[in-house]
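Engineer: The feature active site is assigned by Swiss-Prot to Asp7, Glu66, Asp138, with sequence analysis given as support. What Swiss-Prot lists as Mg(2+) 1 binding site is Asp7, Asp138. Swiss-Prot lists Glu66 with the feature Mg(2+) 2 binding site.
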Amino acid sequence: MRVLGIDPGLRNMGWGVIDVSGTRLAHVANGICHSDSGDLAQRLLSLHRQLTDILARFAPDTAAVEHTFVNKDGVATLKLGQARGIALLVPAQAGLAVGEYAPNAVKKTVVGVGHAAKEQIQHMVRLHLPGVELAGADAADALAVAICHAHHVQSSGRLEAALARAAR
């Protein structure tokens, strides 16, 4: 299974692709979609095009997006929400199921604690994906989202199998 993880952002949208085979994870690619300052509609269109190209290039089977948080700056929160809309829309347009995870859930899955620092996330992503060269903190966060989704899908599959066995 190939998983695309996305860390939404208007200026920098991190993305990471991993392959999952059983309990084994393998890094495929990671990077950051950038949008220049200027007209909001053009920035969102740029993110949409870049993310669409990534889906076409790496052909993931599923995707996952990190939830955004609400802060005191309402305008910034709304803009971030619009970028998150692009992160949800592009995989959905490609027919992919999209998982959504809270930042603390991602950190808990990857690091073991829900309030981990960026450096801890990057360190654990490197441990999960040996040899990975991170394009930046946003790409590391996106890979962490992909790892979280892979674990969630595996856990769900084991639960469904156990329930099916119990029903027999």
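We number each residue from 1, going along the chain as drawn.
In case you wondered, yes, glycine gets a Cβ from its N, Cα and C as well.
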Engineer: Measuring Cα to Cα, how many angstrom lie between Asp7 (active site) and Asp138 (active site)?
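Structural biologist: So the alpha carbons of Asp7 (active site) and Asp138 (active site) sit roughly 6 Å from each other.
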Engineer: Counting across all protein chains present, how many other Cβ atoms fall within 10 Å of the Cβ of Glu66 (active site)?
Structural biologist: 25
Engineer: Distance between Glu66 (active site) and Asp138 (active site) at the Cα atoms, whole Å?
Structural biologist: 11
Engineer: Run through the Cβ atoms and count how many others sit within 10 Å of the one on Asp138 (active site).
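Structural biologist: Neighbour count, Cβ to Cβ under the 10 Å cut-off: 25.
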Engineer: Through the lens of DSSP with three states only, how would you label Asp138 (active site)?
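Structural biologist: It is helical.
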Engineer: How would DSSP class Asp7 (active site) in three states?
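Structural biologist: Note: Asp7 (active site) is in a strand by DSSP.
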